[in-house]
Amino acid sequence: MGFKHKDIIGLQDLTREEIQLLLDTADNMKEINSRDIKKVPTLRGKTVVNVFYEASTRTRTSFEIAAKRLSADTINISASTSSVTKGETLSDTARNILAMKPDIIVMRHAASGAHHYLAQRVSCSVINAGDGAHEHPSQGLLDMLTMRQKFGTIEGLTVAIVGDITHSRVARSDIFGLTKMGAHVRLAGPPTMMPPGIERLGNVTVCRDMREAIEGVDVVMMLRIQLERQGKTLLPTLREYARYYGLNPQNLKLAKPGAMVMHPGPINRGVELSSYVADSDQSAILTQVENGVAVRMAMLYHVSGGELATE
């Protein structure tokens, strides 16, 4: 099957088959990334504009590397150094970028739904690099690629996602993607960080506490505490959070032997998980980062609609 979408706004919009196609393509891209010369001419002559209204290291750098390995020209625009600081609206920014004739816009924005708004107003492709608490599709895809790499399939896995679910766009993309691919998701977090009705998003169980959530699971996904997105009333102290919802060698034993530990980064060591767990053989955190480049290459390739050139 081909990829029918001009844009990738969220995994909620994609079918199981389309997610499978993106993961399979990412596997092919991993082969390119393992070469001595990590570059193919697939997107030669194409221009990718990265527009980031929020701070990012891994995602922005990963998209830039992905575009360059496909031979695209890349332009990076940061909100702190752009006309946004002078009061320019998203709509005006879009018009000005579009006047430069880009082929793909990769954007991160603090407002949920900003990418739908943008995609309706530009003729080029739009890829969501994270919008508010809505979705982060490339993170969801790289998480699934990392799981499939270890277990061979996502079908039948039980995955615990622990932490600040309310403010996490990663959690939503993981839920949409994992449940479509046949996994069961358990959620745990402080009641003030658990949105009502979240279980309606798919094959999801909301657990009373962390120990219940991680017992017997294949994967433990820890989420970052997003202090920049919440008021003081949601989280009494980081020490208290770590006591009840932090992953350490003791409670990790509740999961299946050899269970995989994941985190979208950046990590608050000693809060979401201990340094011992983060640096252990069970941790797949650096593998997630590595797989991020391949996944983003696959996303850029499919929205461009081109044929894969591998020589």
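Count begins at 1; order follows the chain as displayed.
Note that Cβ sites are derived from N, Cα and C of the backbone, with glycine treated the same way.
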Annotated companion of ARG58, THR59, HIS136, GLN139, GLY265, PRO266 at the carbamoyl phosphate site, Swiss-Prot, chosen from ARG95, ARG108, ARG239: ARG108
C-alpha spacing of ARG169 (L-aspartate binding site) relative to HIS136 (carbamoyl phosphate binding site), in angstrom: 5
Near-site residues: carbamoyl phosphate, ref ARG58, THR59, ARG108, HIS136, GLN139, GLY265, PRO266, CB cutoff 8 A to centroid: SER56, THR57, ALA129, GLY130, VAL170, PRO264
Most crowded position, judged by CB atoms within 10 A, among GLY265, PRO266 as binding-site residues: GLY265
Entries of ARG58, THR59, GLY265, PRO266 which, being binding-site residues, have CA atoms within 10 angstroms of ARG224 (L-aspartate binding site): GLY265, PRO266
Carbamoyl phosphate site span - longest C-alpha distance across ARG58, THR59, ARG108, HIS136, GLN139, GLY265, PRO266, in Å: 16
Spatial neighbours of ARG169 (L-aspartate binding site) among the binding-site residues ARG58, THR59, ARG108, GLN139, GLY265, PRO266 [C-alpha, 10 Å]: GLN139
